[in-house]
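Annotated features, as they stand in TrEMBL:
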- B:Arg128, B:Ser174: ATP binding site (BINDING)
- B:Gly201: substrate binding site (BINDING)
Amino acid sequence: MSTQIRWPDPYVTQALEAVTGASPLVFGLTNYITAGLNANMVLAVGASPAIGGNPAAVKPLATAAGGVWINLAAMVTDSPELLREAARAAHEAGTRWVLDPVTVGAGIPVSDDLAADLLRDTPPTAIRGNASEIIALAGGLASSKGVDSTATSEEAVPLAKVLARRTGAVVAVSGPTDYVTDGTEVVAVPGGHRWLTRVTGAGCSLGALVAAFLAPGTDPLRATVAAHAVLAEAAGRAAETARGTGTFAASVLDELSLLSGI
Amino acid sequence: MSTQIRWPDPYVTQALEAVTGASPLVFGLTNYITAGLNANMVLAVGASPAIGGNPAAVKPLATAAGGVWINLAAMVTDSPELLREAARAAHEAGTRWVLDPVTVGAGIPVSDDLAADLLRDTPPTAIRGNASEIIALAGGLASSKGVDSTATSEEAVPLAKVLARRTGAVVAVSGPTDYVTDGTEVVAVPGGHRWLTRVTGAGCSLGALVAAFLAPGTDPLRATVAAHAVLAEAAGRAAETARGTGTFAASVLDELSLLSGI
Amino acid sequence: MSTQIRWPDPYVTQALEAVTGASPLVFGLTNYITAGLNANMVLAVGASPAIGGNPAAVKPLATAAGGVWINLAAMVTDSPELLREAARAAHEAGTRWVLDPVTVGAGIPVSDDLAADLLRDTPPTAIRGNASEIIALAGGLASSKGVDSTATSEEAVPLAKVLARRTGAVVAVSGPTDYVTDGTEVVAVPGGHRWLTRVTGAGCSLGALVAAFLAPGTDPLRATVAAHAVLAEAAGRAAETARGTGTFAASVLDELSLLSGI
């Protein structure tokens, strides 16, 4: 049983207004492939992004930020220890943070180990991933092809609930319909568009957006649902005018910036 | 004497259908400037990209992938040893791989040495570059301005044939007309647009696309020709509607995604 | 008292023609978030960009280039020593170079120290930043939120003049109106659009553009003013047709490429 929520439910619009009003600093560790799009997504909802793994800057930024996201694909350039340090700094400063377990379950042991450490030592406020990643993180059997999921979001919901209860984090699974759960409630977010899976980093942007929506102090379940609903709405609108995947990426940013009124 | 091939020759369209049908994982090492566009190009033809030099992930990804591309500009962030390891992993696993000799001949000795090592120790399935790079790689005298060519693609054809015969790789030279050779046959691919040289990473995307087209097992000459012909067609169509170089980049992705029907 | 200059003043258009005519190699060290956009901006005015911190390539490229820009946000991936080496290579080769003091004054001591060292040991030809950065670099008290300014460009002008006189560099402060000074004259550049602050790396692109405009030997004050005026004009035109921040970014590149006639 799940509730369905979508734009323009006030549950969503007010959470976006809180981001735009506060214009929080949001700090992320992610990889270079998606960093530009992720930063532009954060800017398009009126927040202020900083990204990157300079060891001297990680602690000050994770402490100063209103929200932090850590995408395990950051390990393309950053060491596991740096990611641990960022999570620790956020945890100790009481900064809400989001884990995006990209590559977990893809056969790269160092990713799996790091994710397990982070869940145990510095539990995140929210976790978002595709079905394969959430299933693998919850200890289920799933396979992925590189960074792409081979399971459906519906299949992942039961394990997402287990993961939420075990970690205390809100857990989101993205797919044709996204599902967000705190371990008890499950909220379905419809919408989006299949082209989101054909733009590199579009899924990863959800980690950044959830961090932005958490920053003003919004209830974690609501912040996570709202971030997904805003991107789903922007993607749906973008698909109406885009000719293909290239203009779609630009149009998603357009529609986000129009929804937030920046 | 050279054959001319272009979209919608079945030689090209069927090779694209093979990519879209197989949706192969394609793994690349390239630099951060071009990674986002390269990944989006691969996605736009229906394949699944992974990019990046995490030492723990290079071997598993190069082994699991259907095709690998190594762009020497990856040395912006990755060590020569890591690039060697990726080539070795692809070679040992029998994964077809593409060498893009960016910066060879630009006065950076470490690039030239690495390229020579890769050709000798772990010969690629295909090599693609601009005229200056192919001439330099074949041992000819050529100069380049940073990453841009100062020779024409026509001038490079004789040395491309020599290089192909010596290495066993298919060799492609991009320019206003692209030329692809296996050392015996030379195929000319017309089309494209000068704005491709005004979008960073558009040329580099050919390395990624050739890897995607090689992945389903298509004959290497045909796969390399088809990758060039598909990008040339997409660029020609994009130039008809684009206002300048910014919308052109988005439109090339649009047209690729429409040609592949994803 | 300040002069106001904007497109299509010949002071600006002729400086752009000098860039397009010379098509100089421009080398930059910046971070991976903004590298793609920065490179595309340089390409859109007809110059040839190279970006990146491969230690083996920094000295040859800084020597061969017509202009160099060093964005301190490069410290996301590069060491302070590498940035020092690039500045030293440019300085010794007589290559004009631009300092973009991103993150100075943001509470990251290593940035502040590096900026001070560069100003003293290898003084740049030009410095460009937002108000908070220029105030901090001049020794004033300013705070910034991550990479975003909390002061106005007008507030920074007096300290920009002090900084210019002390370093011998032309100093530019960007904001709704940009100001450029050589310590005596102050030139105001109106135009631009607020969306420039909502596209990641758009501000940073000014460092790259100033380096491109310096390359052909244009007077530093004029080159710096012209780079700002060209981007301001392109942004103003782009805002007329863009729907939101996504298409705006593509349209700025379009308009730059149309102004330069490449």
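Using the three backbone atoms N, Cα and C, a Cβ is placed for every residue, glycine included.
Any TrEMBL annotation is an automated prediction that lacks curation.
Contacting chain C by the Cβ rule (under 8 Å between Cβ atoms), the binding-site residues B:Arg128, B:Ser174, B:Gly201 reduce to B:Gly201. The DSSP secondary structure for B:Ser174 (ATP binding site) is strand.
Secondary structure at the residue listed as 'substrate binding site', as computed by DSSP, is coil. For B:Ser174 (ATP binding site), the Cβ neighbour count at a 10 Å cut-off comes to 27, with all displayed protein chains included.
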